[in-house]
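Visitor: Pulled these from TrEMBL:
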type	residues	note
ACT_SITE	B:SER541	active site, phosphoserine intermediate
BINDING	B:31-38, B:110-114, B:165-168	GTP binding site
BINDING	B:GLY467, B:LEU468, B:SER469, B:GLY470, B:SER471, B:GLY472, B:LYS473, B:SER474	ATP binding site
DOMAIN	B:22-236	domain 'Tr-type G'
Amino acid sequence: MSLTHLELLEAESIHIMREVAAECENPVMLYSIGKDSSVMLHLALKAFYPSKPPFPLLHVDTTWKFREMIEFRDNLAKTLGLELLVHINEDGVKEGVGPFTHGSAYHTDVMKTQALKQALSKYKFDAAFGGARRDEEKSRAKERIFSFRSAQHRWDPKNQRPELWNIYNTRISKGESMRVFPMSNWTELDIWQYIHLENIQIPSLYYAAKRPVVERDGMIIMVDDDRVPLEPGEEPVEKMVRFRTLGCYPLTGAVESEATTLPDIIQETLLTTSSERQGRAIDKDSAASMEKKKQEGYF
Amino acid sequence: MSHQDNLIAEDILAYLEAQRNKSYLRCLTCGSVDDGKSTLIGRLLFDSKMIYEDQLSALENDSKKSGTQGEKIDLALLVDGLAAEREQGITIDVAYRFFSTDKRKFIIADTPGHIQYTRNMATGASTADLAIILIDARRGVLDQTRRHSYIASLLGIRNIVVAVNKMDLVEFSQHKFNEIEEEYRGFAEKLDFKEIVCIPMSALDGDNVMNRSERCKWYKGKSLMEHLETVDISQEVTQTSFRMPVQWVNRPNLDFRGYSGTIAAGQVKPGDEIIVIPSGKRSVVDKIVIRDGDLYQAEVNESVTITLRDEIDISRGDIICSTDDPAEQSDQFQANIIWMDEEAMFPGRQYIMKINNQTVPATVTDLKYKVNVNNFAHEAGKSLALNEVGVCNLSLGKPIPFDSYKKNRHTGAFILIDRQTNATIGAGMLDYSLRRAANVVWQDLEVGKVERANLKHQKPAVLWFTGLSGSGKSTIAGLLEKKLFDIGRHTYVLDGDNVRHGLNKDLGFTDADRVENIRRVAETSRLMVEAGLMVMVSFISPFRSERQMARNLMEDGEFIEVFVNTPLDVAEQRDVKGLYKKAREGKIKNFTGIDSPYEAPENPDIVVDTVDKTPEKAVEQILAYLEENGYLSAS
Ligand SMILES: Nc1nc2c(ncn2[C@@H]2O[C@H](COP(=O)(O)OP(=O)(O)OP(=O)(O)O)[C@@H](O)[C@H]2O)c(=O)[nH]1
Ligand SMILES: [Mg+2]
């Protein structure tokens, strides 16, 4: 009996995580609370069992995440007894940066990309796990599993280290770091299927429920707190919606849906005709936008 | 995603169950530039409905902007994801794409055809079970076709699909196709393939990609997808006995000690007897621990944690093996190496090898031959340049456990890492240990002058500066050292200041003492050349015979006499240290040029003129000499 493709993917991810634990001095797991992070954390729990994962979790909090995400995060870290680091770009907070006032690009740059770089430098992490997958986007499809970053956190797509077999070169000089993507070879369907098979907890925002929403630039935005600027006389409407990805709530479009169970969600995901990133305002800018962001240090 | 639409809509749970049991195929596309590799993958993604509507509309825009197909969509843009690739219309680095059909899931690596990116092709090939080699029907088998086929074979790929592409441009000529098939099979005979399937194709239009084409009815074989869905990739498993390289020692508390790793061959059960290589210690498997409980059995490719009945010392890099056919161990190997760095590989240099979860220093002791990838001939060579393949002998800093790559693609593979840049500069496959049982007395790698020099990437020599006091020897030697240091050479300057005060402080300025002074300096510089350094000796050394004595101590080419030619009146006029004045006043005896002779060299290797030239110019002149005579091009 040879392994099924999910078993192979799982084994590959575990191998990658153990390699980091064995070779890197100060690794961290970027935990963003979404479904991919949930799977990544689950894999880490498996990789090191009965030990706990030998690295902390880091959440870069833009202060605009869904409230439920934050609750979910804190609960999970407590239940599992894992160290959770939360980093907020205080400069951005002082400046009052937010997506409504400053636009998505500036907000994401300051509160996410810059914040991430701050945190990585502050704690001097030499390796950071990310839950990104190659099937998400064209420039991700080009990235190595162990992705080298300069001391300025820059990615040089034209000069990546050859990466053969499952032998990973983790050697870096002082100040440099690696981003490590243990789930590079998973697809969106693999993720859902694995969540289904392994009964992995994900925030209920993924499931359809009645939520107060408004429409902005063709996107359905959930009114998660009182920071959403409403037109005079505008009232949020209750709609049955869910989210295909989770991020900053003002930048994450909801989809109208009746999917209240995991099989429902998977069914809907499979039958949809648009990619999951479509709901993210950040990816629309231009074909090469992700590559550019990644070069600048975006995860 | 629309395959099995009906089942998804009707019974999602049944669909998920069916998905779960799909098999998995990892493959790559390769071949020469512009043969249509990226287009083919784009076509596969497109036809297996893996493209979402928003991605399709983006593709249509991109095609107008930077496509190669005019108004038509350019499918290659689905895969060529980097800005530079889209601008140049070529593939630079591997892209990994995913698709699935009713029967199988696929990971497909799109690799670049350009020769300078061959290392990226090897990256894609290292994890693949099948290679799709594209050939442009108009151009036939090219160098890159052969190179990629050779690398695929070397990396252990046994299943080949030859996609004879762009058949639309040759009117689906059967004759053309047969010609190409024949030529390919002819040269591939020398390679290690199990199965070669040739398919006429148009990646652009989709002929014989998903379905058999109406446009070439003469072709009776399968379409590419039909073949990929059914091809048997269970490699002839050459190795079935258990081995697991230890990746991580799992010690949550004093009561638990587990060994985590990915199983590289065979299977394991509690109660199995094991042996640890290289220590040779034995024990019995107690448990196979995973988070969901203990396993009854685990097999190749699974990542597990194993506990043993006995407390024995095992660390990362050891291999836990079944006792009947354990891994070998050695520190001397023959191996195939694919070189991946701009800077060539030279025997004698030391690299870092990563193999089976450990890193060890490794020196290539001999490049036995290079492989000409066009005719597979063995050719002699002194170095391996970027993208070249060669067979080498390697000597490691310590013995490691291993299998030959032919037996096991996991435990016989390694990468080489540059000590300075940390870049991955080579990939290799172990053939066999050079220390065979019959060969009990083996040669240790001796560390000699050549090995030390190679480690420093330089050609050691003495630059012997001779000339009057105040001629500028030390200034020039000092500047030269700085230049050499800047380009990474290991140097040392010997001059009156650092020798007269220590080693030679018992010597005066009589003729005898001057001779002894030079003898000691010459011997010291010889030792430094042995140590691999570029030594600058800056001494007046007025007598020809001593300079000849120094030259005789070195091998040919190791002694470079530099005559710093400054006439006495000029030196005396400069008199930087006021010594000429003192000598003229009789306060210093035996001063060269005043009351002791200076014998100018008759055949110096370099003469520098300091009257009309600045010291900087003199240094340039010397550097040019060194360059011309091969002292600066590494080993
Ligand atoms: N007529 C025709 N053109 C094709 C076919 N396949 C590819 N092409 C064209 O050939 C050119 C090169 O195609 P690519 O897919 O980029 O080639 P490639 O092999 O990926 O090239 P590199 O990755 O740069 O080595 C493009 O203009 C394609 O549209 C085909 O079957 N028929
Ligand atoms: Mg291409």
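Placed from the backbone N, Cα and C atoms, the Cβ positions cover glycine too.
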Visitor: For B:MET167 (GTP binding site), which of the three DSSP-derived states applies: helix, strand, or coil?
Guide: helix
Visitor: Sorry to bug you, but what's the C-alpha spacing from the residue listed as 'active site, phosphoserine intermediate' to B:HIS114 (GTP binding site), rounded to the closest Å?
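Guide: That comes out at 57 Å between the alpha carbons.
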Visitor: Filtering B:LYS37, B:SER469, B:GLY470 (binding-site residues) by proximity to ligand 1: which pass a Cβ cutoff of under 6 Å to any of its atoms?
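Guide: Close enough to ligand 1 are B:LYS37.
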Visitor: Suppose we screen the binding-site residues B:LYS37, B:GLY472, B:SER474 by Cβ distance to ligand 2 with a cut-off under 6 Å; which survive, in sequence order?
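Guide: Near the molecule: B:LYS37.
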Visitor: Excluding B:GLY467, B:LEU468, B:SER469, B:GLY470, B:SER471, B:GLY472, B:LYS473, B:SER474, please set out which residues of the same chain place their CB within 8 Å of the center of the CB atoms of the ATP site, keeping sequence order.
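Guide: Sorted by sequence, the hits are B:ILE540, B:VAL564, B:THR566, B:ALA571.
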Visitor: Just the number: how many Å between the Cα atoms of B:LYS473 (ATP binding site) and B:SER541 (active site, phosphoserine intermediate)?
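Guide: B:LYS473 (ATP binding site) to B:SER541 (active site, phosphoserine intermediate), Cα-Cα distance: 11 Å.
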Visitor: Whole-number answer please: how many Å between the C-alpha atoms of B:LYS37 (GTP binding site) and B:LEU468 (ATP binding site)?
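Guide: Taking the Cα atoms only, B:LYS37 (GTP binding site) lies 70 Å from B:LEU468 (ATP binding site).
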Visitor: On the three-state reduction of DSSP, what should I expect for B:SER474 (ATP binding site)?
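Guide: Once the DSSP labels are grouped into three classes, B:SER474 (ATP binding site) ends up as helix.
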Visitor: Cα-Cα separation of B:GLY31 (GTP binding site) and B:SER474 (ATP binding site), in Å?
Guide: 58
Visitor: Between 0 and 100, where does the mean pLDDT of the domain 'Tr-type G' (B:22-236) sit?
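Guide: 89, rounded to a whole number.
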Visitor: Pop the Cα-Cα gap between B:SER474 (ATP binding site) and B:THR111 (GTP binding site) into the table, whole Å please.
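Guide: So the alpha carbons of B:THR111 (GTP binding site) and B:SER474 (ATP binding site) sit roughly 55 Å from each other.
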Visitor: Using DSSP, would you call B:LYS37 (GTP binding site) helix, strand or coil?
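Guide: DSSP assigns B:LYS37 (GTP binding site) to helix.
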Visitor: Could you check which of the recorded positions (B:GLY467, B:LEU468, B:GLY470, B:SER541) sits closest to B:MET167 (GTP binding site), going Cα to Cα?
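Guide: For B:MET167 (GTP binding site), the closest Cα among B:GLY467, B:LEU468, B:GLY470, B:SER541 is found at B:GLY467.
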Visitor: Tell me the Cβ contacts of B:LEU468 (ATP binding site) under 8 Å, same chain only and six or more apart in sequence, or just say none.
Guide: B:ILE540, B:VAL564, B:THR566, B:LEU568, B:ALA571, B:THR592, B:GLY593, B:TYR598
Visitor: In angstrom units, rounded to an integer, how far apart are the Cα atoms of B:SER471 (ATP binding site) and B:SER541 (active site, phosphoserine intermediate)?
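Guide: Per the Cα atoms, B:SER471 (ATP binding site) and B:SER541 (active site, phosphoserine intermediate) stand 12 Å apart.
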